[in-house]
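Step one of this worksheet: look at the structure below.
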């Protein structure tokens, strides 16, 4: 197998791991929060990140990967930004209707395109933009039911969009500029992300639920699901950094909307959630947009590879 084939196989593996682990954790957390009544999402995320760090630390001690030194200021800023973005996304869901929260998530793709175009001088073809437009329309039709606006919720959503876009762009940029792997970056940043959410998580959850995570009565079933959620989260966090590093922040967001469609389908099939013709049409449009996006990305990558090969050939012949 050639070098390009190995890279493509690695990307496919990363995408599959991300989808499988993300859908699994949604199912687990849905049972934990909806069925068992554990509503503390932000605090749970801090536990996810701490378990992820501990797992990677054990792996590092077993020489499964090698750490690489990263500037402390860079990693602290990156970890802080990631933790804050998670907090803002959870607050956005709490202060807005579900429909407006979905709109917030949809806005991440165009905002990422804008930031990468302005600051990183990246170019996106009209074909790519059209496929992303179809994807966003489809997901919007499938998942948005109501759009109730309020001032505080709107400000929080804007902050969630900005911090999420910047943190995901940095996830890709740091890996490429500093030549570190997704595992190395996650290992260094997870403690800082966890620390931010350890402090802010109980406060955010108290604001959203009017309950204290410290006063909650933990049953053995709840503890079992929390442990399972934390174990799955190791794979979720690892695959997130892996996908963004191997592809791009935009591709990761496209993948996220595929997960949304899968979760909607899962909810209807196994949990008998409400489902109608609009959901079906929206999912089909979204999938069509994803297929087009994948096709156009592959097409453009082949052109870049061909241009690279021609450039090398001309240099060697010169």
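The backbone N, Cα and C atoms fix where each Cβ goes, glycine too.
TrEMBL: automatically predicted annotations, no manual curation.
Counting residues 6+ beyond its ends, the transmembrane segment (7-27) has Cβ neighbours under 8 Å at 1, 229, 232-233, 235-236, 238-240, 242-243, 246-247, 252, 255-256, 258-259, 262-263, 266 in the same chain. Residues or ranges marked as transmembrane segment in TrEMBL: 7-27 (among others).
The domain 'Sugar phosphate transporter' annotation in TrEMBL covers 21-294.
Residues annotated as transmembrane segment in TrEMBL: 47-66 (among others).
Under the heading transmembrane segment, TrEMBL lists 75-93 (among others).
TrEMBL lists 132-149 (among others) with the feature transmembrane segment.
The feature transmembrane segment is assigned by TrEMBL to 155-173 (among others).
According to TrEMBL, the transmembrane segment annotation covers 185-203 (among others).
Taken from TrEMBL, the feature transmembrane segment applies to 223-243 (among others).
Remote same-chain residues near the transmembrane segment (250-268) are listed as 15, 18-19, 22-23, 26-27, 105-106, 108-109, 112-113, 116, 124, 132, 135-136, 139, 142-143, 168, 240, 243-244, 274-275, 279, 283, 286-287, 290, 293, 297 (criterion: CB distance under 8 Å, separation of at least six residues from the stretch ends). Summarising the annotation, TrEMBL assigns transmembrane segment to 250-268 (among others).
Remote same-chain residues near the transmembrane segment (280-298) are listed as 125, 127-128, 130-143, 251, 254, 257-258, 261, 264-265 (criterion: CB distance under 8 Å, separation of at least six residues from the stretch ends). Under the heading transmembrane segment, TrEMBL lists 280-298 (among others).
Within the same chain, residues 41-42, 45, 49, 101, 104, 153, 156-157, 159-160, 163-164, 166-167, 170-171, 174, 185, 188-197, 200-201, 204, 207-208 sit at least 6 positions outside the transmembrane segment (75-93) and bring their C-beta atoms closer than 8 Å to a C-beta of that stretch. On the 0 to 100 pLDDT scale, the model's mean across the domain 'Sugar phosphate transporter' (21-294) is 90.
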